[in-house]
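Chemist: Taken from Swiss-Prot, the feature active site, proton acceptor covers Y168, and the record attributes it to sequence analysis. The NAD(+) binding site annotation in Swiss-Prot covers S20, D41, V65, C91, Y168, K172, F201, T203 and is backed by similarity to another entry. Annotation comment: Swiss-Prot describes S155 as substrate binding site, evidence class similarity to another entry. What Swiss-Prot lists as N-acetylalanine is A2, and the listing cites experimental evidence. Annotation comment: Swiss-Prot describes K53, K69, K99, K105, K107, K212 as N6-acetyllysine, evidence class a large-scale study or a structure entry. The feature N6-succinyllysine is assigned by Swiss-Prot to K53, K107, K212.
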Amino acid sequence: MAAAVRSVKGLVAVVTGGASGPWLATAKRLVGQGATAVLLDVPDSEGESQAKKLGESCIFAPANVTSEKEIQAALTLAKEKFGRIDVAVNCAGIAVAIKTYHQKKNKIHTLEDFQRVINVNLIGTFNVIRLVAGEMGQNEPDQGGQRGVIINTASVAAFEGQVGQAAYSASKGGIDGMTLPIARDLAPTGIRVVTIAPGLFATPLLTTLPEKVRNFLASQVPFPSRLGDPAEYAHLVQTIIENPFLNGEVIRLDGAIRMQP
């Protein structure tokens with residue numbers, strides 16, 4: 001029996017951190033392919049204006065991923081507006097560049113900074129996963145038995161963390177580590193879980209760096225020797241949604257880069 005490849009057309013997708021960068025590009029691609037998108041981001045983001053640009057197929061749901069109350073309210077809003085949730089793309093995250101110990105400054109990494117990154121990137125991702133799984137579990141299964149797809153965002157820093165990335169690497173490594181067990185948890189419900197680990201991408205943060213720095217970073221990518229385009233992240237998201245046999249995987253999207261110390 002041939003497997004049914006699912007189109008994104010007609011699906012409802014929640015994209016956390018969806019107000020900018022590759023995450024906004026993801027929402028734009030999904031809407032362009034006939035899906036409906038819910039941009040979930042913090043209240044002071046550009047989510048409202050970006051959602052309006054995408055038209056009636058997109059709404060903004062203000063929420064902090066670390067808040068159970070706010071995420072549940074955002075998911076309820078999505079279901080009230082569009083009837084169900086088929087896809088969740090977890091992209092919200094923060095980063096700090098702090099050494100564990102800086103000898104010259106005699107400065108020790110604070111627990112507060114470490115906990116803040118873990119709380120947003122790792123616990124925030126799990127918070128969305130568990131709550132959206134509860135919503136997807138109420139969906140009627142498609143002909144292949146699927147009720148939903150959850151896509152998380154890790155980083156190559158999960159595998160080759162750099163100086164000053166202890167907190168960030170730990171948070172992204174946690175997302176990598178929980179992908180398979182959560183996929184196994186949700187398999188009986190018909191919910192797939194896949195994680196993307198991006199390399200160096202042209203995010204709003206990187207594009208503010210001096211051109212010389214951007215060119216150096218791009219030169220570290222074996223092929224193609226450039227920064228990743230947000231559209232390439234969005235393309236992979238669509239591929240994951242449409243391929244029903246992708247489950248429990250962490251996919252590096254990095255041009256074969258392996259970060260050196």
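Heads up, the Cβ atoms here are built off N, Cα and C, so glycines get one too.
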Chemist: Let me make sure I understand the span of the NAD(+) site: among S20, D41, V65, C91, Y168, K172, F201, T203, what is the greatest distance between any two Cα atoms, in Å?
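Modeler: Max Cα-Cα spread across the NAD(+) binders: 23 Å.
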Chemist: Please report how many Å separate the Cα atom of K172 (NAD(+) binding site) from that of K99 (N6-acetyllysine), as a whole number.
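Modeler: Rounded to the nearest whole number, the Cα-Cα distance is 17 Å.
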Chemist: Give the number of CB atoms, excluding that of F201 (NAD(+) binding site) itself, located within 10 Å of its CB.
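Modeler: There are 20 of them.
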Chemist: Using the alpha carbons only, what distance in Å do you get between the residue listed as 'substrate binding site' and D41 (NAD(+) binding site) once rounded?
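Modeler: Rounded to the nearest whole number, the Cα-Cα distance is 20 Å.
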Chemist: My understanding is the cutoff is Cβ-Cβ under 8 Å with a sequence separation of 6 or more in the same chain; which residues meet that for V65 (NAD(+) binding site)?
Modeler: T16, G17, L40, I71, N90, A92, V120, G124, T125, N127, V128
Chemist: I need the CA-to-CA distance for F201 (NAD(+) binding site) versus K105 (N6-acetyllysine), whole Å please.
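Modeler: Answer for this pair: 31 Å between alpha carbons.
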Chemist: In sequence order, what residues of the same chain, 6+ apart, have a Cβ less than 8 Å from the Cβ of K212 (N6-acetyllysine)?
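Modeler: When sequence neighbours closer than 6 are ignored, K212 (N6-acetyllysine) has nothing within Cβ distance under 8 Å.
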Chemist: Where the distance is taken from Cα to Cα, which of the binding-site residues S20, D41, C91, T203 turns out closest to K105 (N6-acetyllysine)?
Modeler: T203
Chemist: Reported as an integer number of Å, what is the Cα distance between D41 (NAD(+) binding site) and the residue listed as 'active site, proton acceptor'?
Modeler: 20
Chemist: Where does C91 (NAD(+) binding site) sit in the DSSP three-state scheme?
Modeler: coil
Chemist: Neighbour count first, Cβ atoms within 10 Å, every protein chain included; then name which of K99, K105, K107 tops the list of modified residues.
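Modeler: Top count of Cβ atoms within 10 Å goes to K99.
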Chemist: Which one is it, among the recorded positions S20, C91, Y168, T203, that lies nearest to K53 (N6-acetyllysine) by Cα separation?
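Modeler: So, spelling it out, the nearest of the recorded positions is S20.
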